[in-house]
Amino acid sequence: MPTSECVRVVVRSRPLNEQEMSMGCTYVLDTDPSCCQCTIANPADRTAEPKVFTFDAVFDKEATTELLYNDVVYSLVESVLEGYNGTVFAYGQTGSGKSFTMQGPDNWPVQKGIVPRTFEHIFEAISTTENVKFLICASYLEIYIEDVRDLLGRDTKQKLEIKEHQERGVYVAGLSMHPVHNVNECEKLLQKGMRNRATAATLMNTDSSRSHSIFTLHLEMFEVHHGREHIKTAKLHLVDLAGSERQSKTRAVGDRLKEATKINLSLSALGNVISALVDGKSTHIPYRDSKLTRLLQDSLGGNTKTIMIACLSPADYNYEESLSTLRYANRAKNIRNRPRINEDPKDALLRQYQQEIERLKGLLRNVQQPTQAQTPSIPSDDSRHELEKKQLRMDYERKMAAIEEQFRMEQITKSRLEKELSRLRDSYDRAIGRAENNEAGLASNFAAQTGMNTEQAIERLKMLEEQIIGGEQLSNKALVEKRKQKKRDAERRRRQMREMERSRQLQEEQMMDAYKDVNHTLQNVQGKLEMEKRRNKALEKDVQDLYGEFERERQDYLDTIRKQNQQLKLLSQLLDKVKPCIPRDCNYADLEGVQRAAVWDADCQNWNLPEVIITKTKLPKTASCNLCALADFINDNEFTFIANSLRSASSSRQDQMFLNGEYSSDSDSGDEILRQVWPFFCSTKLGRKVLSPKIFAKSEAENIAGTYFKPLRQRNVASTTGERGYSTTWQHLQNGVLYTDDLYAGGSQLTKRKPCLLGANFSNRPSPNS
């Protein structure tokens, strides 16, 4: 079982910037690199006891990135070259110097960032390492508003998914991998990714990172140790986190506020993971609360050596944020990881390939026959045959050696090389068979075949040799000696740190021994009492600070909730306005049903809603109308008079059937009946009474079936009928409708008419209540 080790936590403080100096800010942070302690004082309460934190290393404002790298990061990169996974990430508020520490300026050599120094370190070690070959690939991603994006891909805005494999662990599906061979190629990829990364200006930082970025180097190493072949893999994550922000200081609005909210949520999730890992009672670690903690799952409590660099601002203006960072860092140093060397699980498959190669070589040696001595004369047929077989065997061994080297150096093309090995083996068997069956044609046939295979093998070999690096600078004695000196310096610094730790422990022990004197017992007790009082006072102040911090966070959460409630109310009101506009034949008219059918997708973080379905509603066909609108306005005698008058004016049985309500044909003969009977009816006094506008308005208002689909009022209909030019037809008459166009149109056959409703059955007058 691999041994566990704690996450190494170091603190780096920057000097005051121009904005802080213009504001008249003062230092509240005091660092002591020799004791690895950091002290912070409350500017609002000068009488309060300063808070002291101890870390693995502390770097003040005068320290350079070169010193930080040599003292802390160098040993971790060396471990990566041995096969361990490694992670270096910077944490802190916005504008505290995280990107400066990780990326660094281009024109300041001693402040060159950790990432470019890591490139130089790795490739210098590779070029001076003997009997080890390396294959290195680089990837660069960012987490922007909880979306994972590939900064080196073709589409840098495409969202990628995080998946988990039983053997590979957590990985990003679709992330591009780029082989690199030197420092320049790595720096070009880094610059390309930085140009694609999301950045923006805020009041606290003119070039603020709006996303978390992770630059990863994937290393594969092949070496032969004590006659045995080993393949090891390692990953080095270089993480530049976005800084935590307070909206009251950054004045972020719009997209900047949305970005800051997501950044703070992911950093809060990171803090929860750290707290759960430190707390031994927690049975669940909330890695899935954010994309950041999901990707750093192995770095926090997993199979990785991790270094956390806490970047601090010394200004009193940022006291609360710096104190929060120190508390996070103080908890993080108690996280225990279990790093181990990553032996490739597919290494056994490579051994099987090697055994197959050795078996074929043995087969070749068994079929080998002794060649005859070379003479200046022209060789005989037998000797020429032996020479051809020897050449065949040499070509085969050369190609087998090339394939064997490819198997050792390249894992990505294992299946392809296996096919090539099988093809070469079959080719060799066929060539030997042809040599035994037909010695005369062996040389020409095999030469043609092996010439093609040799070119392919050489081309593949060149391609793989370009990808595989290692040992190029072994002849450069100065570079080799420089690397050895760096390793000796790193080892010396580690010994010094261990000696300092032992010295501190020894001093504590001596102090405890000194207090054994009885004469100092009382003073010791009094001193302890005073110390406890100061400690209690400091703890009380810590409690007050925590209450204040919790209250501020609660206010921030309440502000966020209020804004979300406002947004929710806005969307709810918009929905209330839009809901009546949704057709009733659409399934979204029933919003409660749609809400019950919605399903939450935890992987995609989206709601799966039902498809929009619109059902076409068909109205039933209208039956033959038998309206008696006149019955509402005249008495029985008047109705009988009108019916008899119209019947006497009719000239055919068909007209009589129509007036009696017995005829319901859709033919145009009804128009002729209308033209015959209507002038007579309109000429009577009773007809003019019935056709009065007031009675017509009452009839139209009560005709619910006829006015159901009419969108305008009667006066609007009356005012537009002249423009539309309607004419009364047989179908209109069946429905009990007459149009004024037949009465007032200039060229109409019917003149001086007014619209009315006419019942189809004049013989049997219905009662008003029927």
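Cβ coordinates come from backbone N, Cα and C, glycine included.
Just so it is clear, the model here is predicted, and its values are computed rather than measured.
The domain 'Kinesin motor' annotation in TrEMBL covers 6-335.
Neighbour density for Gly95 (ATP binding site): within 10 A of its CB lie 28 other CB atoms from the protein chains shown. If you look up TrEMBL, you'll see Gly92, Gln93, Thr94, Gly95, Ser96, Gly97, Lys98, Ser99 marked as ATP binding site.
Look at TrEMBL and you will find 365-386 (among others) tagged as region 'Disordered'.
Marked as compositional bias 'Polar residues' by TrEMBL: 366-380.
Under the heading coiled coil, TrEMBL lists 400-434.
Residues or ranges marked as region 'Disordered' by TrEMBL: 479-505 (among others). Residue counts of the region 'Disordered' (479-505) by helix, strand and coil are 27 helix, 0 strand, 0 coil (DSSP-based).
Annotation source TrEMBL lists compositional bias 'Basic and acidic residues' at 488-505.
Least packed by the Cβ count within 10 Å, out of the binding-site residues Gly92, Gly97, is Gly97. Sequence-distant contacts (6 or more apart, same chain, Cβ under 8 Å) of Lys98 (ATP binding site) comprise Ala90, Tyr91, Gly92, Ser209, Asp240, Leu241, Gly243, Ile309, Cys311. Of all Cβ atoms in the shown protein chains, 24 besides its own fall within 10 Å of the Cβ of Thr94 (ATP binding site).
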